[in-house]
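Here is the structure we will look at, set down as structure tokens.
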């Protein structure tokens, strides 16, 4: 009996053919059946896929193929289209016709310098548009109103027009870093149409001041690696929902009195690698701030009430991280009670000045 059972199992193994990987998506299995979609003569749409691209589960991958133009024969039910790392120079009208179900379009790292104003018109459900690392000098016109995420960092954008974001009420995230943008190139009211914006990054540009008119809905603003020299109170006015402000690697010498009062819900303030001469005023009165990065500045003294309110602490939250290393002030010159409202001493990083 045992010999018969072993023979039966061996026979089953011998009938099974070797595994043959047919494509990148072999491991992306459907909920039912295998990961390979069989040809169905009654439904020719299943077999439609641009030459050399890979199509699976409404995802079309045409990346890293050296393409110089957008292919034309996409399955009409495509929801994600990946065209990154090619040599596409232009997006023409009709390039995405019939892709009414497309949610994500990835065009990163091409050579795109021109986009037709009608190119995105068919994309009535588009939520994510990735155009980073191209040669765009301005933002595309008539972007879909369904858009939630726009990434255009590392292009050649020099101006933001008021019309660029008109009607984009659903956008939550914008990435604009790595463009040769200046304050003079940002039109008054440029951000006015962004009613739901939560996150914006304008880092590594040529701006010298915090852009005016940022949406009040913002919770994170990242302006690292620019040429900002000071933070004045009006530049933060209205940002009542802001919880994180990144200003690292600028040339800031002062944060004006009253600036922090305009961001009452701020929890993280990154001011490291600037030229600050003193600790920003208003930290002690701020109820919610927990993280303050001030390392690698020119701070030569720290007052006893710079971080904690005089007398009994009235803060809602304790500091979880305060960095002061890389400043001229010596740690032994700082009074022990300076951080009396910090309950975990390991949160304080002093270090030495080089």
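Every residue, even glycine, has its Cβ placed from backbone N, Cα and C.
Features reported for this protein in Swiss-Prot:
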- 1-16: signal peptide (SIGNAL)
- 34: O-linked glycosylation site (CARBOHYD)
- 49-55: disulfide bond (DISULFID)
- 53-62: disulfide bond (DISULFID)
- 68-88: repeat 'LRR 1' (REPEAT)
- 89-112: repeat 'LRR 2' (REPEAT)
- 113-136: repeat 'LRR 3' (REPEAT)
- 137-157: repeat 'LRR 4' (REPEAT)
- 158-181: repeat 'LRR 5' (REPEAT)
- 182-207: repeat 'LRR 6' (REPEAT)
- 206: N-linked glycosylation site (CARBOHYD)
- 208-228: repeat 'LRR 7' (REPEAT)
- 229-252: repeat 'LRR 8' (REPEAT)
- 241: N-linked glycosylation site (CARBOHYD)
- 253-276: repeat 'LRR 9' (REPEAT)
- 257: N-linked glycosylation site (CARBOHYD)
- 277-299: repeat 'LRR 10' (REPEAT)
- 298: N-linked glycosylation site (CARBOHYD)
- 300-329: repeat 'LRR 11' (REPEAT)
- 308-341: disulfide bond (DISULFID)
- 330-354: repeat 'LRR 12' (REPEAT)
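Here the features listed in Swiss-Prot are placed on the structure.
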residue	record	DSSP class
49	disulfide bond	coil
55	disulfide bond	strand
62	disulfide bond	coil
206	N-linked glycosylation site	coil
241	N-linked glycosylation site	coil
257	N-linked glycosylation site	coil
298	N-linked glycosylation site	coil
308	disulfide bond	coil
341	disulfide bond	coil
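Using Cα positions, the member of the recorded positions 62, 298, 341 nearest to residue 49 (disulfide bond) is identified as 62. The Cα of residue 53 (disulfide bond) lies closest to that of 206, out of the recorded positions 206, 241, 257, 341. Neighbour counts were taken at the CB atom with a 10 A radius for the disulfide-bonded residues 53, 55, 62, 308, 341; the maximum falls on 62. For residue 298 (N-linked glycosylation site), the nearest of the recorded positions by C-alpha distance turns out to be 257; the candidates were 62, 206, 241, 257, 341.
Note on the repeat 'LRR 4' (137-157): residues 108, 113, 115, 117-121, 123-131, 163-164, 167-181, 201 of its chain, located 6 or more positions outside it, place their CB under 8 angstroms from a CB of the stretch. Here the candidates are the recorded positions 55, 62, 206, 241, 257. The one whose C-alpha lies nearest to that of residue 308 (disulfide bond) is 257. Between the C-alpha atoms of residue 55 (disulfide bond) and residue 62 (disulfide bond), the distance comes to 9 Å. Mean pLDDT for the repeat 'LRR 9' (253-276) in this predicted model: 96.
Through the fold, the repeat 'LRR 1' (68-88) approaches residues 45-46, 48-51, 53, 55, 58-62, 95-96, 98-112, 130 of its own chain, all at least 6 residues removed from its boundaries and within a Cβ separation under 8 Å.
When Cβ-Cβ distances below 8 Å are used as the criterion, the repeat 'LRR 12' (330-354) is approached by residues 295, 301-304, 306-309, 313, 315, 318-324 of the same chain, each at least six residues removed from its ends. The distance from the Cα of residue 241 (N-linked glycosylation site) to the Cα of residue 257 (N-linked glycosylation site) comes to 20 Å. Using Cα positions, the member of the recorded positions 62, 206, 341 nearest to residue 257 (N-linked glycosylation site) is identified as 341. Remote same-chain partners of the repeat 'LRR 8' (229-252), defined as residues 6 or more beyond its termini with a Cβ less than 8 Å from a stretch Cβ, comprise 203, 208-210, 212, 214, 216-223, 258-276, 280, 293.
Note: the Cα of residue 341 (disulfide bond) and the Cα of residue 206 (N-linked glycosylation site) are spaced 38 Å from each other.
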